[in-house]
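Peer 1: Pulled from TrEMBL, these are the listed features:
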DOMAIN    276-459  domain 'Bacterial sugar transferase'
TRANSMEM  15-36  transmembrane segment
TRANSMEM  42-65  transmembrane segment
TRANSMEM  77-97  transmembrane segment
TRANSMEM  103-126  transmembrane segment
TRANSMEM  281-304  transmembrane segment
Amino acid sequence: MYNGLLTTIQSSFSALYRLVDVVVISGLFLIILLTKQITLDINYLVVLLLALSSFLFLSQTFELYRSWRTSTTFTMMAYSSLVWGLTCTVLITLAYFTKTGSIYSRLAIGLWFISTLIALNIWRVIFRAILFKFRRTGLNLKKVVIVGLTNAGDKLAKQIKENPELGLELLGFYDDRDPSRFSGSEDHTLLGSIDDAIALAKQNNDIDHIYIALPMKAEDRIQAILTGFSDSTATVHIIPDFFIYNLLHARWQHIGTMQTLSVFDTPFEGFSKSLKRLEDLVLTLLILPLTAIPMLVIACAVKMTSKGPIFFKQNRYGLDGQEINIYKFRSMQLVPKTEGKVIQATRFDARVTKVGAFIRRTSLDELPQLFNVLKGEMSLVGPRPHAVEHNEEYRSLIGGYMLRHKVKPGITGWAQVNGWRGETDTLDKMTKRVEYDLFYIQNWSLMFDLRILVHTLFTGFVNKNAY
């Protein structure tokens, strides 16, 4: 009964999304025609009908009306923007090939394109915020159980608890082992054995999602569990352990008739590599003119307030561990270098100049690295490059550390916008930075890059850890 009600609610949400989209697209079209004193004749009516049919078809193709419960707001907006952008492309293409573009007001159509793009995203964000509020109060929940009282299951339970807006209600764990064998710090409710979970899932539809958190070495047991759950209506997920997680972005390669699995590889091959480079070039060429005057002012300030060169140059590891020279505006007094030892800047570091303190705190000292991007040595987004000495120190202490160098280093990155920047005075801080860097590499997409850049623009320049 519960599952049937939930299905009805989901179907209602899907229908509501479609209805509101149609109202937004049609309403703005009519409003703009009215304000521009344009008559809704057969030509404009055809445009509206083509737009609606194209949008709904593309929405189905890109699954725009699926559940976005466990996706980010940015991802949801990216998909709606993509579908509307493709709809506009369809209309423009048809107008071009039918040579009918001249009979329409380009200003009116342009305003409609832009205003609809904004409105489609605004109403989604507002509705999502309302849903989040309801879910935090215990409404619109999906019931979840975890099979396997393991560290992976423990982490998932914590994420569910810390993110109530996802609307996931954890009922508890099922495991054949005694809870005393679990080494985690949290106390979790053990509801029964794994066979009990299978029996419960078969008997009723009150469980929406089942997460299997057993280690992959228990392959036979997992297969038996999956067979058991296949006789239920619950959605089953497998939480990858460390070994499988590292294979998620592996690629099959062929050497003659032999297949090999490329595990530690870059995500930038073929089209992805070209797309990443195009992104860097286009955005850097757009950013440089905007930063030319600030860079000139900073250069003069550095030169006039302290002795020494304007730029600071240092060896860092680039793609595949090749050494590159990166550039920054000099922010410190000239001091003799300690052989074989790079001393990180610390809070209230006496070496930092007054101008240097400002440009470090606002990350403006990084602007010269735009030229590293143009040279192809760096990317706008990627793991931040560390000093060579620090690489050699940490590669033996942190597993997977050098995998950061399967991509070009970046001016900003996923670790930085999440607060892991500045001094790494403990091993834990560097470990967390590497963890975020590897997450970026494993989940790279153009949209992910744009998300990081937008985050950097609004919140990433000034940080309490930058000094």
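Using N, Cα and C of the backbone, Cβ positions are placed for all residues, glycine too.
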Peer 1: Could you tell me whether the transmembrane segment (103-126) and the transmembrane segment (42-65) have 3+ CB pairs under 8 A, leaving out pairs under 6 positions apart?
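Peer 2: Contact criterion met.
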Peer 1: Can you name the far-off residues of the same chain, 6+ from the ends of the transmembrane segment (103-126), with a Cβ under 8 Å from a Cβ of it?
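Peer 2: Hits for the transmembrane segment (103-126): 20-21, 24-25, 28-29, 32-33, 36, 38, 43-44, 47, 73, 76-77, 80-81, 84-85, 88, 91, 95.
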Peer 1: What mean pLDDT score does the domain 'Bacterial sugar transferase' (276-459) have in the model?
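Peer 2: Reported value for the domain 'Bacterial sugar transferase' (276-459) is a mean pLDDT of 84.
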